[in-house]
Each structure stands twice: as C-alpha cells, then as structure tokens.
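See below for the structure under consideration.
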Amino acid sequence: MRAVLLPGSGEQPTAFCYQVNGSCPRTVHPLAIQVVIYLACAVGVLITVLGNLFVVFAVSYFKVLHTPTNFLLLSLALADMLLGLLVLPLSTVRSVESCWFFGDFLCRLHTYLDTLFCLTSIFHLCFISIDRHCAICDPLLYPSKFTVRTALRYIVAGWGIPAAYTAFFLYTDVVERALSQWLEEMPCVGSCQLLFNKFWGWLNFPAFFVPCLIMISLYLKIFVVATRQAQQIRTLSQSLAGAVKRERKAAKTLGIAVGIYLVCWLPFTVDTLVDSLLNFITPPLVFDIFIWFAYFNSACNPIIYVFSYRWFRKALKLLLSREIFSPRTPTVDLYHD
C-alpha cells in the first residue's frame, strides 16, 4: 500500500492497494472499525457454515428425512455452506481492506465459486417451488411424479448448469473476443471485479428474474389451491387431513425462504443492472452492503427451519444430546412425538 497527495486534495493522502500504475484506491478504516467488521463477518460466516452443515447432517443421518424435497434442501444447504466456507472469508478481507491481496488465480477461482454457489441456490429454490407446486396442486400423482430419482436429476441440473455457465464466462476468452466493445472498462489492480461490466449487468438480470418469476407464479397458484384445500379439509379423514396440512406447512415455510431470497438479492441485482447503465456510479461502500445483504441469505434458511419445522428442532435436540450415538437414532420418527 502507498499514500500520495492528489491535486486539490489538501493534506489528505489517498491510499492505494498496490504500488503500481492503475492500482485501485484503498479505503483505510480505523483499527476499531476493522475489528468490529471482522467480528461481525466472522459471526455471520460461522452461522452460515454451522447452520447449513446441520441441515446436511440431519437430512443425511435421519432416514425419515430421505424424501425428494429434503434432498433438494440438503443440496441447497450444501451450496450455502460451501459459500460460507470457501467464499465469505476472502470476501470479508476484501470488504474490510477494500483491496484484493490474493492474486489473479484466487481472484478468478473466488469469483467462479461465488457465482456458482449463488446461481445454484436460486436454481434449487426454483426446483423446490416446482416440487411444492406438484405436492399441493397434484397430490395424488405427486408420489409417482416427484421421486427421489427426479430430485437427483434436479440436483445434477442445479449444480451442472451454473458450473458450466460460470466457467464459460470466466475460463474461456470466447465472450471477451466476441463482446470486446462491452468489456473495454477493465477493473483497476486490486479490485477482483472480473464480471462487473455492462454486459454482465444485462446478463445477470434475467439469470435472477426468470427463476424468480417462475417461483412467484408457482407460489401464487399454491396459495390459491391451499386456500381451497383449507375450506375442504374438514371433509377429509384424519390421516389424509394431516398429510395435507403437513404439505401446506412445508409449502408455506419454503415460500418464506423464497421470499427472503428475493428480498436479499433484489437490491444487488437491480443495482448491477442500473449501475451498468449509469457508468458505475454506485459508491463502493453501498455496493459492498448490497453484496453482503445477498450473502446474508445463505444464513437465513437454517434459521427459518428452526422456527418452522418441528422435525428440525427435534433433530437439533438429538444432535446436542447423547442420544445421537444410539444405533436407533437414525430411525427415529421426527414427525411424531
């Protein structure tokens, strides 16, 4: 890092990330503020990793949870956990220091993993919406239509498509050669902002909003059908009524998860598009807040499950007790007392 005096800046020095031409300016925070931000980010990373790790463990360990919907939840939790484990620590340093100090290779890998895990999350939420739509709107055909094999196909697509899509933009020069007029503005040295250009702003918008529109339309239909079922539930047998209520409860919980996802990611996605039209005028601090608000979503789902799913709370209680070592624990029925 170096400090220089800019013309007209008086005595206020400007810091840079590297002692080279084209280096990014660096915002130097007081030590106390740095410590507070590092601690806050560390807590967020810890909640993200441990919360989603428990979801992965619970669905894998308890046999009663081996359902198509829960396998999708497991895969979603895995993406969020890996985001917290592999992406957020380096993002924390970049946010606090306002510079990237880990080299070009890690910059590209970090950007790849960041985009991969975030796109994987939205794909999985979209597939979960399809699952809930089928369970609520077509309950008689649901067991035969949405099997474990179907869920596994969705999981492969949910990871494979984002992996190929992101690799195409980051690890080939096809896009840069074909769209050079869109990519003239190169990031300064020390920013690690490989994808934030005008073309990516336009491309990122439909990648977010098309799945969102699908999810919103599916949940609107689910709401209409669930309301009708609530009026008819008195005429059903007790066992069938219980099954319908359980499916509606799951749809409601996952609908909340989708809603929180939209709220967390909407500011960043809209800003990316608008910023590309206005020649990137968003202050770095505001942009960083939008990014971390989106990251925060990865910590939300386990918290939602704690308040919404009795089986999740029961599994957590077993995990924190000696009963977890009992050979009978994996076969415990978490849905009933």
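Going from the start of the chain as shown, residues are counted 1 onward.
Every residue, even glycine, has its Cβ placed from backbone N, Cα and C.
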Would Swiss-Prot put R228 and F62 on one side of the membrane?
yes
Who are the chain neighbours of the transmembrane segment (285-307) in space, where the CB to CB distance is under 8 Å and they lie at least 6 residues beyond its ends?
27, 41, 44, 47-48, 51-52, 54-55, 73, 76-77, 80, 83-84, 88, 91, 95, 117-118, 121, 253, 256-257, 260-261, 264-265, 267-268, 271, 275, 313, 316
Give me the mean pLDDT over the topological domain 'Extracellular' (275-284), rounded to a whole number.
75
Just jot down the residues in the same chain as N21 (N-linked glycosylation site), at least 6 apart in sequence, with C-beta under 8 A of its C-beta; none if empty.
none
Who are the long-range neighbours of the transmembrane segment (71-91) in its own chain, taking Cβ under 8 Å and residues 6 or more past its ends?
41, 44-45, 48-49, 52-53, 55-56, 59-60, 102, 106, 110, 113-114, 117-118, 120-121, 124-125, 127-128, 131, 148, 151-152, 154-155, 158-159, 291-292, 295, 298-299, 301-302
